[in-house]
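The ATP binding site annotation in Swiss-Prot covers G229, K230, A231, G232, M233, G234, K235, T236, and the record cites sequence analysis as its basis. Among the features that Swiss-Prot reports, domain 'NACHT' is placed at 223-542, with the record citing sequence analysis. Sequence annotations record features per position, and here Swiss-Prot assigns region 'Disordered' to 103-137. What Swiss-Prot records for 716-740 is repeat 'LRR 2'. Look at Swiss-Prot and you will find 744-771 tagged as repeat 'LRR 3'. Taken from Swiss-Prot, the feature repeat 'LRR 5' covers 871-898. Summarising the annotation, Swiss-Prot assigns repeat 'LRR 12' to 1240-1263. Annotation comment: Swiss-Prot describes 1519-1542 as repeat 'LRR 16'. Positions annotated as repeat 'LRR 17' by Swiss-Prot: 1552-1575. According to Swiss-Prot, the feature repeat 'LRR 18' maps to 1576-1598. The annotation repeat 'LRR 19' is assigned in Swiss-Prot to 1603-1626. Per Swiss-Prot, the feature repeat 'LRR 20' maps to 1631-1654. Taken from Swiss-Prot, the feature repeat 'LRR 22' applies to 1687-1711. Taken from Swiss-Prot, the feature repeat 'LRR 25' covers 1769-1795. The repeat 'LRR 27' annotation in Swiss-Prot covers 1849-1872.
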Amino acid sequence: MDAESIRLNNENLWAWLVRLLSKNPEWLSAKLRSFLPTMDLDCSYEPSNPEVIHRQLNRLFAQGMATWKSFINDLCFELDVPLDMEIPLVSIWGPRDEFSKQLGAGEESCPGPQLYHGAKRPFQSYGSSPRRKNSKKQQLELAKKYLKLLKTSAQQWHGGVCPGAWLTPHSPQTYIPPVLQWSRATAPLDAQEGATLGDPEAADNIDVSIQDLFSFKAHKGPRVTVLLGKAGMGKTTLAYRLRWRWAQGQLDRFQALFLFEFRQLNMITQLPTLPQLLFDLYLMPESEPDAVFQYLKENAQEVLLIFDGLDEALHADSVGTDNAGSALTLFSELCHGNLLPGCWVMTTSRPGKLPSCVPTEAATVHMWGFDGLRVEKYVTCFFSDLLSQELALKEMRTNARLRGMCAIPALCTVTCFCLRRLLPGSSPGQSAALLPTITQLYLQMVETFSPSETLLDTSILGFGKVALRGLDTGKVVFSVEDISPQLMSFGAVHSLLTSFCIHTRPGHEEIGYAFVHLSLQEFFAALYLMASHTVDKDTLVEYVTLNSHWVLRTKGRLGLSDHLPAFLAGLASHTCHMFLCQLAQQDRAWVGSRQAAVIQVLRKLASRKLTGPKMIELYHCVAETQDLELARFTAQSLPSRLSFHNFPLTHADLAALANILEHRDDPIHLDFDGCPLEPHCPEALVGCGQVENLSFKSRKCGDAFAEALCRSLPTMGSLKTLGLTGSRITAQGISHLIQTLPLCSQLEEVSLHDNQLKDPEVLSLVELLPSLPKLQKLDLSRNSFSRSILLSLVKVAITCPTVRKLQVRELDLIFYLSPVTETATQQSGASDVQGKDSLKEGQSRSLQLRLQKCQLRIRDAEALVELFQKSPQLEEVNLSGNHLEDDGCRLVAEAASQLHIAQKLDLSDNGLSQTGVTYVLKAMSTCGTLEDLHISLLNNTVVLTFAQEPREQEGSCKGRAPLISFVSPVTSELSQRSRRIRLTHCGFLAKHTETLCEALRASCQTHNLDHLDLSDNSLGGKGVILLTELLPGLGPLKSLNLSRNGLSMDAVFSLVQCLSSLQWVFHLDVSLESDCIFLRGAGTSRDALEPKFQTGVQVLELSQRYTSRSFCLQECQLEPTSLTFLCATLEKSPGPLEVQLSCKSLSDDSLKILLQCLPQLPQLSLLQLRHTVLSSRSPFLLADIFNLCPRVRKVTLRSLCHAVLHFDSNEEQEGVCCGFPGCSLSQEHMETLCCALSKCNALSQLDLTDNLLGDIGLRCLLECLPQLPISGWLDLSHNNISQEGILYLLETLPSYPNIQEVSVSLSSEQIFRMCFSKKEGAGTSLRLCECSFSPEQVSKLASSLSQAQQLTELWLTKCHLDLPQLTMLLNLVNRPTGLLGLRLEEPWVDSVSLPALMEVCAQASGCLTELSISEIQRKLWLQLEFPHQEGNSDSMALRLAHCDLETEHSHLMIQLVETYARLQQLSLSQVSFNDNDGTSSKLLQNILLSSCELKSFRLTFSQVSTKSLTHLAFGLGHCHHLEELDFSNNSLREEDTELLMGALQGTCRLKKLHLSFLPLGASSLALLIQGLSRMTLLQDLCLSHNQIGDVGTQCLAAILPKLPELRKFDLSHNQIGDVGTQCLAAILPKLPELRKFNLSHNQIGHVGTQCLAAILPKLPELRKFDLSRNQIGDVGTQCLAAILPKLPELRKFDLSGNRIGPAGGVQLVKSLTHFEHLEEIKLGNNALGEPTALELAQRLPPQLRVLCLPSSHLGPEGALGLAQALEQCPHIEEVSLAENNLAGGVPRFSKRLPLLRQIDLEFCKIEDQAARHLAANLTLFPALEKLLLSGNLLGDEVAAELAQVLPQMGQLKKVNLEWNRITARGAQLLAQGLVQGSCVPVIRLWNNPILNDVAQSLQSQEPRLDFSITDQQTL
């Protein structure tokens, strides 16, 4: 019966019903909301309107008869209905009498909805009625009735249908399940972990998937399921679907199901109990709720509670009410089993951080929306007619973006809704234009609101205002007060709002309204923001933000504006322009400005560095704008590597990313780590040609994900690296990859690490290797493969030509490959040629096989050996960690000679025993390529290292022919193959010695054994003695290590005999306490037994370091008898011999015996006693050694514990050195010491530093000094000598005419040194620093200076000598004749005026001949000539006639003129002449005028005003005898320069003129040229840094012929180009005396260089030519190379920084063979390369002094060649190879270079191993002053070597080790080296890995260690 028949048959009844309800509109509205909570009603339009009531009754009637009858029943009971009308109403539509029996009868239908029937029954809350005690049967009956009521209520709510997707009614069969994916460990019991749930092709079977949601195994705890999905995925729909299924009886495991929404529960104002939540707020039992609740508790395992929208739950701190968060509290108690224990709880939520109330063991299910099949299934169900279905499906299949949007079920519904409107009247494919974005999709939906195309602008904006207000306040549920009736009607008409009843507390109900979907609320809010004139642009752009999903991990509740920025971006699209203009009723400019503002914000965001989630949201926004320029900008702003970590990504997210990548040109790397990924999302990457590296790492990636990925991989043409690690891929997923990977031939790396692959899948993947020609790595580690496939893997590695390495270790399985282009050889057609080619390929290919910890046994070894024999050359075989044991190791070792192993065979950790060791040794007898065998049973180490085949070695050396000529004979001999055997920690005893030696003899029958290591065994003294007897049978070794074998002293004496009995033993090192014993051959260091062995170029390190034998015995206690026996044993040793002894202490008797035995050791060259405590008498015993043994040339005893004696075979050599620093010597020891030393023939050096002499000891020493035949340095530093001692020395100075220099400093350095000369009368220099003198002491000083006639120079530095004291000193010093120079450095010099200084100098008793003042440096120099000669009055008057005496200093002038009359040299530096009155300049003018003998005047680095310069110029104009003038580096203006040039016109006798850094303009240059034309005697002209340029050079060149005597010409830094150079070249032949020519730092190219090259041969005297820092290039260099041999006198040339390459460099150095005098070569900062270096090494001039090649692109080979060539240059003083990549090519010197002062190897990437040889051989350079090793990779090993040699480097002043890898240990060693006697003032160590506190501690112990950059810069 339909509504139409009702109206026809009961027209009067229907009309009366309308009239009745018109009078009760509020009652009708309440009932409609109760019966129709989810439907939208016309309640906003005049509720009393009969038409509205009529329409509402029709909707109610359409719900079915059960609902309609329930409504009529409530109408009759609750309203005042007349009896005459009630009877027909009840008779037609009323309930039957048996309604009360339906529940018991079990019928499924129920009249009325679930919550609101029975309004006649008064409300009674749970707990308000008295509880009655019921029997078990009654309780069961009551529960049964309630459960049936609960089910029928659910059926009634759904009205027989299940809610489907939004906007469209659906039947139960039309529901399309989304893709579900399990997470965590709680997978369904009957489903595969990681599988997706739900089959879109079989809707009937979907119940099985839904059932799986509740079939997982819960461990002792609550059964909680969390369903996670982004907005629009269908979480709420699935929740109601579950309730519908349960109501239909399809979830039979649950008796009761309760469904709650958190958005409604948030409205509860009073904290409910669980029974109140279930009964009062959901459905109340008809009676006895206590019994029903008790039943539910007892059967909790069959109760399901669903809570929808956990992300919307309010926390206790979210609102201000006391009961806030009460619903979440109940939810938490349920989840943790505190309430209704055992029940099932399910909740839905958007992704993010779950509240703490969710148990960690809860099952998590991800909802991913629709895949392609589900989209098509949904479209098919949506459209009822076949034509519409076909059209819609066609649109979906042709529009990938539309299909991608439909992956979100909510958007799929909107899309279908829009297509239903568009398809009938549109052409195919039009959806791509009309629905390109989500925003456009929603706009199409909005346009359907008004079919007449007239938009309801006011309603839309009003709706948007409500939506925005809700977003701003966090409101999704609105009340009647929030929405106006008009808007409510608008929302109801267009299905935009949904209404429902809300229980805020028991017994209280309200009506709530909400948007049908939160995204719709965001869309209307975006419309309002873009179109409302009440929102300005600043407010608008504040909403364009990116919501980071990382925030979701820290916030308990999501924000409500996830899609708002995307909608705003979409509305900023040009396609929305007209719509917004119409909606806002504004012009295009107004709308355009707002759209542009949004685009600008997105552009700024695109330029920033964003987190992964924000980047994804930005890509969505950019896609919505449809702005190609913004998309391109965003794409180009991406980093080269995009990483996304730990947040969910959907197909839509990757589609947005792919859309951006389409606009990118450069390749990109994509890395997805720990991100939950939608199974079909890789399909979005189809065609992404910009992706070069793609990596996925997530446990949620399974087979379905792999299948989807395989559809994309073949379309990604640039993909080189693919990673699918940490996933759950099984055989099913691998089957797709196996089919796909061959289609990706460009792949270089594939990683399937940590999946679930088994043997068949692994083998299938490995078999793909030949089909991937560019693959370099395949990683299959951490999968489920077994040991049974190991041989198959090895076979593949051997047979596949591209495999170069197979690594298997426990769970690791990695293939490394070489691309085909690198390994394939050319093939020819003939079969025999093919065979040769394949042989060559097998020989060239090398393979590494690492099969570690694979449980291999001897039978496996047999199979492997068989496979190995078929393989190409094996580079490495590693079988460590297996179970081969003795027989297996022997088997593999015996086969080693046939396996062609190039490098290493590792059999470690295989259970080898001592017996097995002998097996392996004997097996090695047939292996000719064995280089090293290392066996350690304790460490389970068995490693065999092999050398290359001889033919390969020869081939590898072909390219190094130039270097071979430099290899010394010793080195060539050592470069042959060397065999090393190390048997350490093997437990060998003395009884094993013979057996061991027998095995060793067997192993070296055909190949000599070079290095033998038997350390860390238990041979003992007996075993070692026996071994020394058997050593001759092992042949000539190069080293033997017997450390840690428990040796005795007898064994040591036995080993000492080896120095004489075994010819190969050159060095014996013994440390008894630490039990270290080394026997070494010639040229072998202790490193010989290290695992790494040098080959190739590095073999040069084995060059002969020592030519003498050495014996080192440490940590022992030597008694007289032992010493006697030891010396007797050493007598038989051939020499030369070096002996080093280290004892805890050595008695005087023992020392005497040792010294007495020295004459019997004529071969002894060095004796050291290190760390040996000696007595206080030992200095006298050692001082007497020169008389006892004349061969001793040097004795040093430091701190009574370090003694060194040097011997020389030439006893006739004059001069010996003796030193006793730190030996506590005092005045009482001086006489005895001098008596012993007086027996020397000649004493060249005596070091008594750091003793206790004091002033008295100095007196004693000076008294004994005449006895000493000293002719060198006497060092008394650090002896606490004071000023009194200095004065005493000066008093006695006339008694020592052979003292040449005295240097004293009373600062913390405490320097006191005297230098004696062999000849008398050479003059004495006295240097005093920080020696403060009192006035009385100044008088004594002056008296001594007057008496010491031999004193010629006095230095006073910081001696606190003030101006009065200086005046007194100058006045008191008076001599009968001679010269005395005084150098003064005091702080007050810069603060005293020039007249004051002049006045002081005028007080001198002698005549002033030289004067030099530097104010900034605070230095004063003057030279006095005695006696003071008085001039006659006539000459005095003549000199005064030119002077300006009209000054206040006129009284001084007469005295100055007299004092300065004989002044010959005047130098003023850093002096200011800016005084206003010109006093200083006038005074200087008068001095110049009066100094008729002045020959040299220098004024440099000074401030000179124009007025002062006028005075100076006037004075200079009268200096007619001036020969030298230096006016460089002054601050002058152009007019000042002209004034100065004018003063030069009369200086025709000048020989030297320096005018650097002057502003030489055209006029001043013209004056200079005019002056130069008169200086015919000029020899030295410097005009550098003047910017003369080409024009000025042309003018200058014109007068050069007038300077025939010119010898030195400097034009550097003058911007001279090729034109100026050509002018110079034309004139230079007219300067025949030119010797030094400097054109550096100009702009000369190859053209100018060609001109120079043409005339340089015409300069026969040219000795130095500097053309550095120009641009001559290779062409110019070749021109110079052709003419350089024509310059016979050339000594120095500098071509640094000239862009010279190998072509020019090689040609240049080839010309060096013609030079006889060349001393200096500087070619740095050019790209010379190795060819130039090797060529230069063959042609270095033997007289070379300086070689500078920094930053020249040199390599190791060139550096080694140069080092060997430098050994043939005995005069070399400086070598610089800095900033070259030398690595292992550090210069290795083996010959003495006596003059070498500086070595610069900074920033050369040098490591310890390469630098140790250089450090150890620094003693070959006795004159070395600077060692620069900064910026390398040096560590503690080099520091240790340096510490050893520092005490022997007497001239070393600078050691730079900053920016290295030296630790605190290395610094401590360096400190010890300094303490032992090094004179190095500082070692720079900053920027090394040393902690600040450790550095401070070390620096406090040894101040010469510098760890501070600041301190360093001040040095």
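Here the Cβ of each residue, glycine as well, is placed from N, Cα and C on the backbone.
Non-local neighbours of the repeat 'LRR 18' (1576-1598) in the same chain are 1528, 1548-1560, 1562, 1565-1566, 1569, 1604-1617, 1619-1621, 1623-1624, 1626-1627, 1633, 1638; each lies 6+ residues outside the stretch with a CB under 8 Å from one of its CB atoms. The number of other Cβ atoms within 10 Å of the Cβ belonging to K235 (ATP binding site), over all protein chains shown, comes to 23. Under the DSSP three-state reduction, A231 (ATP binding site) is assigned to coil, being neither helix nor strand.
Minimal Cβ crowding within 10 Å, among the binding-site residues A231, M233, is found at A231. Tertiary proximity for the repeat 'LRR 2' (716-740) is limited to same-chain residues at least six positions away from its ends with a CB under 8 Å from its CB atoms, namely 193-194, 667, 669, 685, 687-707, 709-710, 746-758, 760-761, 764-765, 768, 774, 779. Using a Cβ-Cβ cut-off under 8 Å and counting only residues 6 or more beyond its ends in the same chain, the repeat 'LRR 19' (1603-1626) has close neighbours at 1551, 1556, 1572, 1575-1594, 1597, 1632-1645, 1647-1649, 1651-1652, 1654-1655, 1661, 1666. Within the same chain, residues at least 6 positions away in sequence whose Cβ sits under 8 Å from that of K230 (ATP binding site) are R350, P351, G369, I408, P648, T650. The repeat 'LRR 16' (1519-1542) shares the most Cβ pairs under 8 Å with 1552-1575, out of the stretches 1552-1575, 1631-1654, 1849-1872.
Taking Cβ-Cβ distances under 8 Å and a sequence separation of 6 or more, the neighbours of G229 (ATP binding site) in its chain are P178, K235, T348, R350, P351, H366, M367, W368, G369. Residues G229, K230, A231, G232, M233, G234, K235, T236 make up the record's ATP site, and a Cβ search at 8 Å around their centroid adds T348, R350, M367, G369, I408, P409, A410 from the same chain. Taken residue by residue, the repeat 'LRR 12' (1240-1263) breaks down under DSSP into 10 helix, 5 strand, 9 coil. Non-local neighbours of the repeat 'LRR 20' (1631-1654) in the same chain are 1579, 1584, 1600-1601, 1603-1622, 1624-1625, 1660-1673, 1675-1677, 1679-1680, 1682-1683, 1689, 1694; each lies 6+ residues outside the stretch with a CB under 8 Å from one of its CB atoms. DSSP classifies T236 (ATP binding site) as helix under the three-state reduction. In this view, G234 (ATP binding site) is surrounded by 26 other Cβ atoms within 10 Å of its Cβ, with every protein chain counted. Long-range C-beta contacts of T236 (ATP binding site), restricted to its own chain and to partners at least six residues apart, with a cutoff below 8 Å, comprise E261, D308, G309, T348.
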